[in-house]
């Protein structure tokens, strides 16, 4: 038990750096579906993947998924998990390299045909990375742009080549020593080590930089050969670059709002742009001018896809409509309407995949080979060439019927969580998803305790209210569409509960259990198990031999670790499911943030991967000094009571101490001249004005009866003239009964017969 005074053992020192936090993301039963909006998609054609086509999707849930097709059905064949924030764009480079970018400021490359292997993490951007562009016939070339106004052109092959010497170990075990101030950090997920590239050009790879943007970049496009790159963003202009050198060749003005999407034809002569001004523009880059403006949408244009001949464009955006427009004749037709804004489009054969802010993806008929067939269905109109405001007025009165009513394939997602409330017990969270379904989660085991269906969230919240006060030891958000629970030291170690309240068997009832430490043990249970069985080889240089003394030392250390794990098991209330395991997002001393499922650890991860405070708590049961774990109070007889006056002065006790312990203490003070230590209050009494520790024993907890039921005389404790329940904690009394900033005042009296 820590005394409040001991928390200042560090003197007046100021922490020089903020400790890294650990986040765990709770997954519902089905991990084969996205649980947040789809920001991007791309199709891997069958010609390069053994007669099998794949759809890749990137989501706001932070993951990418690969979908395979079986006749008219689709199924998730792999999940790519490493990003720690929204996936904003994804593109296929070459035969099977998947490139993705994220709000976590990284660009990642993956083996698209693997079971989710991230091959490298490229850390160069200073802010969210929003968009990518690839060269169809130059598979090595990838450009990335972001909110920092930065545009980088990467040679993927050069970026992926190991930067270690040929004689060094393979990339999974390559050393990161000497990586002082790296420009680019390349990390292999699945390895506990990193490959870091130094700033010196001779020691690593640095991408080409296209300098010129003063504001955020939202869109990029590259021609097939990779000789021309176009960018756009909040500056409302199109900038054209030579990606080989990063030099700017021209700037094109015309849009009156953010440029949100760009397309280049294969030669790089013609460019299509979509903007928040609701307009689509066709540019001739050779003549450096805008050829046509198409007023089709009534709101921001976010997505474009072109037929191979660049004769027709499919467009979607914030108005939730998907249009097909003939660029030559200006004829447009409404293909379909959606229930959510359209984020991105991808053509496959004669169909089009549509990604929206919803977690599902749909495939619609599009007649990509013969677009005229869509116009023959009727309902077409002539796209205007008007200013933004006039276009909106003219189109809002126009209600063309959609050419198609139903998609040919729907890949369903799960509904994202849109509302949540942490309950007073600080172990459960009530959530409501986008479909109105209400669930109760237990965050110390990561499971849905109850699925209430579509009921009133507010009514259920009131129904679940408990009069209990436990410190806030975690924070939570639903940015990824699911619950992300954040643990930060030392705040996360502020909550304790008695083992009896957690129904933990094998421990004394009044043993205090730290909720954060036990949760961390549960999260890292798989890692601990693999770490325990991992052989610990000795690395010897030639000619070295391992002494008997060293061997004994290693054996004893290994045995100590094993016995420690055996004597410190994961308790049932903190066991996480292996069927739908949560993912951990954190970072250690090297390599930056990462994300991985708790069942996928290799056992080789260490302080390079995990925060040191986390390992200290789990492996050594060493917790940081905590403040406010105790509560001061006065104990007086009730006014007018004939009960014997016990002069106790000011007391201090753990916040979680139960009222019945106070009752026991009062009785002992009344009955005995010298109270037994074994029956003393689990707190501190006051002698001479200074708190002195008194330690609780188990003397009153031996039999099956509640201790306060056995004692005579029968005493009851009151606060603000309200009789307190024996099971109530001091913290609860202070929060809900006392409700004042001053020290708590409790009164006692002989129980009144009822």
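Cβ atoms are placed via backbone N, Cα and C, with glycine included.
Nobody curates TrEMBL annotations by hand; they come from automatic prediction.
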Per TrEMBL record, range annotated region 'Disordered' [choices 74-118, 119-163, 164-208]: 164-208
Summary of DSSP states over the repeat 'WD' (252-293), given as helix, strand and coil counts: 0 helix, 24 strand, 18 coil
Reported mean pLDDT - the repeat 'WD' (122-157): 93
Three-state composition of the repeat 'WD' (122-157), taking helix and strand from DSSP: 2 helix, 22 strand, 12 coil
Close approaches to the repeat 'WD' (252-293) from elsewhere in its chain (Cβ under 8 angstroms; 6 or more beyond its ends): 136, 218-225, 227-228, 230-234, 236-240, 299-306, 310, 313, 315, 317, 319, 325, 327, 330, 385-386, 388, 391-392
Other parts of the chain folded back onto the repeat 'WD' (210-251), taken as Cβ under 8 Å at six or more residues beyond its ends: 130-138, 141, 143-153, 257-268, 271, 273, 275, 283, 285, 288
